[in-house]
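To start, the structure under review is shown below, and the notes come after it.
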Amino acid sequence: MKMTRRAFVKANAAASAAAVAGITLPASAANLIVSSDETKIKWDKAPCRFCGTGCSVLVGTQNGRVVATQGDPEAPVNKGLNCIKGYFLSKIMYGKDRLQTPMLRMKNGEYNKEGDFAPVSWDQAFDVMAEKFKKALKEKGPTSVGMFGSGQWTVMEGYAASKMMKAGFRSNNIDPNARHCMASAVGGFMRTFGIDEPMGCYDDFEHADSFVLWGSNMAEMHPVLWTRITDRRLSHPHVKVNVLSTYYHRSFELADNGMIFEPQTDLAIANFIANYIIQNDAVNWDFVTKHTHFKRAETDIGYGLRDDNPLQMKAKHPNSGALHPMDFEQYKASVAEYTVEKASQMSGVSEEKLIEMAKQYADPKVKVMSLWTMGMNQHTRGVWMNSLVYNIHLLTGKISQPGNSPFSLTGQPSACGTAREVGTFSHRLPADMVVANPKHRAIAEKIWKLPDGTIPAKPGYHAVQQDRMLKDGKLNAYWVMCNNNMQAGPNINEERLPGYRNPENFIVCSDPYPTVTAQASDLILPTAMWVEKEGAYGNAERRTQAWYQQVKSQGDSKSDLWQLMEFSKRFKIEEVWGEDLLAQMPEYRGKTMYEVLFRNGQVDKFPLSEAQELNDDAKAQGFYLQKGLFEEYAAFGRGHGHDLAPYDVYHQVRGLRWPVVDGKETLWRFVEGSDPYVPEGEGFRFYGKPDGKANIIFAPFEPAPEEPDQEYDMWLCTGRVLEHWHTGTMTRRVPELYKAVPDALCFIHPDDAQKRGLRRGDEVLLESRRGEVRCRVETRGRNRPPVGLVFVPFFDARVLVNKLILDATDPLSKQTDYKKCPIKITKV
């Protein structure tokens, strides 16, 4: 779809006039298309490059550059709106320090790990890179090579990377940065329902009577979705908004019931609500009897630390995800100890506020939408917390219906579509399959035309484990793509930087800008961004969206997909597979990894003539690469509850929510009449489980691995702010966003500041047991922590706050807890 600037002026004028008159124009009337010769600006659609909301924008290009963006009025997600970051999308690709050519550490004309970065050709870059990967493979085998990817990869990039690692190099050591943000959500879905991703959709916002935010500052992190909650709340007086957080933020401004709780005690609060439902006879027995089982989680499971860490050694059942059967009476007895008095005493939230929220869940006439993001997922018991909230919805039957929706929000544009659905985690394959399951491996090997036994059965190193293995010298050739983990990951000083600078290791970073990660690497590959390539993303409501390339990449930068294709050409299949595999398929002898994986009659099935004129990746390979990868990937899910539409369809629509069966998207899963996989007469079927029943899982309160003491007497919570996204790689290069919020500040309660002799603007030293950073004090403003806690965002490369964070994870999901870390604060 192409539009001119004049079309936008007309559309906006018409829409404004209609609004004044109190009428609504159809989308087609507000999105006129006129002849492109009336202006040189061309317009086309693309999903936003930032968060997991999945807003659609209209991209204006002129003279080979993106010159403007605007909210897409035809998009059902954002309905023409953008947040402040979205309005400046046109500037993210044009930072003054945009990387234009590969850079290799050199000394005396050769690669040297202690050398300075010097520009090299792509051939030279890949020559050195291939040499290092081949050396590691030959000396230590497939487990010595790895990749750290991204929820910002396109679907096709993630699919190609996962296929290259797991089928080509035969290494499961690939993990996305979504491990840091969504792994606990995945774990909760799989344990409770046996299948990943939300059963509801954004339409729930217009149907709910009550909203409960469990650790999610939607006003800043998902602002477009927050406008829908705001509209619902202000337009319907009966609607209530409940906000749970460890500190006061902008979402509290709309809250009818705002609750500040002690870190980690959300576990007790969730169990109290379940107890309240039972004690007040609010259990939906018809639903519970037909559609659920009761289970008990194994307890005292540790904190995902190194095996020799004293905290880990104390655990009775380290890393255990075992579930034990129980009946309702046993479940009732288990939650009974979580009375309102106990929950209030533990959490610091008043009994009145807890009961007010619990009543909304218990009332069968009130439709409740629970929403959460990192506050629940970045948690050493994040999987438990996800399941505890599902328990509440399952006990009341408030699930898979308009307005009744437990909804896990995502933070990255394709954490769902790429990391989760494609399966770029170290333990996963596409469509919720896992490498540990021999039947799943056999399916993947058949689709990929591989010999039996190609895919290793053992899960690879997850994100935090990759850092540890780099440091220990067991992971030696490592490719970081589309993320800035040196700034975003935990425990930078002790566990990450030592591995990058380990002389045994060779670290590659693909990025558009010289990030902290790039500067710590040995080879930097300049990467094409966003609409400089064709791609597809999958958002938080299961909506897959595609876009065409609209401008050429800058300098000699290349897309991640191009880099994967070209690198795979550097390996003969004999260099990565053993004789046992080659003997099964001798026709592969002498071929490159590229030919075996990507010229297999499926990926290269669609001719270049089907691609748009501007598609550099397709032209480089001589076939419609993106379509071939997408269609091969889609074969995993079609007929198995993960159905995707044909690739070309996505370019004609503003996304479709899977499963897409017979051309129809699915709004609510697991419910008859909406989900084609639920048989007639069953009402509900949670078909991720063999018997179609979901698990109600009891898990108790367990403390955080570290808590404040006399020396480290404050909690530290990290996170984001409205104006910046993650580590600020893109947003800090947008002048307007940088000027709005140039620095990461230490938000602190005035009483804590006064106690330490601090005033607003003072520079302070924040110290944990792992490191220290300096920043300035803020006692006013949007974020207002309670006494005993500070909030510091992580977007600022000059304030590497994650140096302070313990690399403790949820032992089940392996996701890091960034929300609670003891520190001390002193004035500089």
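Cβ coordinates are placed from backbone N, Cα and C, and glycine is handled just like the others.
Annotation comment: Swiss-Prot describes 1-30 as signal peptide.
The domain '4Fe-4S Mo/W bis-MGD-type' annotation in Swiss-Prot covers 41-97, and the record cites sequence analysis as its basis.
Positions annotated as [4Fe-4S] cluster binding site by Swiss-Prot, on the basis of sequence analysis: CYS48, CYS51, CYS55, CYS83. Close to CYS48 ([4Fe-4S] cluster binding site) in the fold, though at least 6 residues off in sequence, lie GLY54, CYS55, SER56, VAL57, ASN82, LYS85, GLY86, LEU89, PRO413, each with a CB less than 8 Å from its CB.
Annotation source Swiss-Prot lists Mo-bis(molybdopterin guanine dinucleotide) binding site at LYS85, GLN152, ASN177, CYS181, 214-221, 245-249, 264-266, MET374, GLN378, ASN484, 510-511, LYS533, ASP560, 718-727, ASN802, LYS819, citing sequence analysis. Of all Cβ atoms in the protein chains displayed, 23 besides its own lie within 10 Å of the Cβ of HIS726 (Mo-bis(molybdopterin guanine dinucleotide) binding site).
Under the three-state DSSP scheme, PHE794 (substrate binding site) falls in the coil class. Listed in sequence order, the residues of the same chain lying 6 or more apart from PHE794 (substrate binding site) and placing their CB within less than 8 Å of its CB are GLN487, ALA488, THR718, GLY719, ARG720, HIS726, THR727, ALA744, LEU800, VAL801, ASN802, TYR818. Per Swiss-Prot, substrate binding site is recorded for PHE794, and the stated evidence type is sequence analysis.
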Seminar exercise, completed: Rounded Cα distance, in Å, between CYS83 ([4Fe-4S] cluster binding site) and MET374 (Mo-bis(molybdopterin guanine dinucleotide) binding site) is 19
Seminar exercise, completed: Counting every protein chain shown, other Cβ atoms within 10 Å of the Cβ of GLY215 (Mo-bis(molybdopterin guanine dinucleotide) binding site) number 23
Seminar exercise, completed: If you tally other C-beta atoms within 10 angstroms for each of the binding-site residues LYS85, LYS533, the top scorer is LYS533
Seminar exercise, completed: Spacing of the two Cα atoms, TYR248 (Mo-bis(molybdopterin guanine dinucleotide) binding site) and CYS51 ([4Fe-4S] cluster binding site), in whole angstrom, works out to 22
Exercise. Any idea what DSSP makes of CYS48 ([4Fe-4S] cluster binding site), helix, strand or coil?
Worked result: coil
Problem set entry | Rounded Cα separation (Å) that holds between VAL721 (Mo-bis(molybdopterin guanine dinucleotide) binding site) and CYS51 ([4Fe-4S] cluster binding site) | 12
Exercise. What is the separation, in Å, between the Cα atoms of GLY215 (Mo-bis(molybdopterin guanine dinucleotide) binding site) and CYS51 ([4Fe-4S] cluster binding site)?
Worked result: 17
